[in-house]
Amino acid sequence: MHEEITGIILAGGRATRMGGEDKGLIQIAGIPLYQYVLSRLRPQVSLMAISANRNQARYGESGLPIVSDLTPDFSGPLAGMLAGLKHAATEWVVFVPCDVPDFPATLVDQLWQQKGSSLAAYASDGERAHPTLALLHTSLAPQLKEYLARGERKLMLFLDAAGARKIAFSGQQAAFHNLNTREDCLRWQQEKGLTNE
């Protein structure tokens, strides 16, 4: 477990493919999706928070701090990341989206061990980059704030500009599958053998 890293679950998106429903709160076997992500992250970091712009009371039932975007326009994962960097009391922050419940149990460890001297690192499955699963140093906050103020929204471009290191989790493509639709959620529930309470 990494005490020097705060873990932030990104749950602030619009969830257009879920019909605008708050993706992190979709129930799978009677448990909200974000709780599966939370239980995966909990052994990896000592401090956690949730980045959310809607239904904050429901996310607050987790007992974790809820962090709102500092920008009012739903400007994508980067806005949640900026809020997370400003919230954290630790120097480093790891981000995971609320819809990737199988992300590697070694995610934080590998990003931390392999970042080298970089101020940021993000996951790749060997074929595709997964920039929302990323480790960032809080000193990147001013640069990110400026980037968003210019109207920029592309996460990958920001990470490249920050000199982020890509960390490969080879052969773990399935670990990075995100649940975009209700059908995805149902399929995942069946794969895991989860039954409705």
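Glycine is no exception: its Cβ is also placed from the backbone N, Cα and C atoms.
What Swiss-Prot annotates here:
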- L10, A11, G12, K23, D69, D99: GTP binding site (BINDING)
- D99: Mg(2+) binding site (BINDING)
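Positions of the features from Swiss-Prot, shown on the structure.
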| residue | record | DSSP (3 states) |
| --- | --- | --- |
| L10 | GTP binding site | strand |
| K23 | GTP binding site | helix |
| D69 | GTP binding site | coil |
| D99 | GTP binding site | coil |
Candidate with the highest Cβ count within 10 Å, taken from the binding-site residues D69, D99: D99
Number of other Cβ atoms within 10 Å of the Cβ of L10 (GTP binding site) across all protein chains: 29
Cβ neighbours within the same chain of A11 (GTP binding site) - under 8 Å, at least six residues apart: D22, K23, G24, Y34, I50, S51, A52, Y59, G80, P97, C98
Packing count at K23 (GTP binding site) (other Cβ atoms within 10 Å of its Cβ): 24
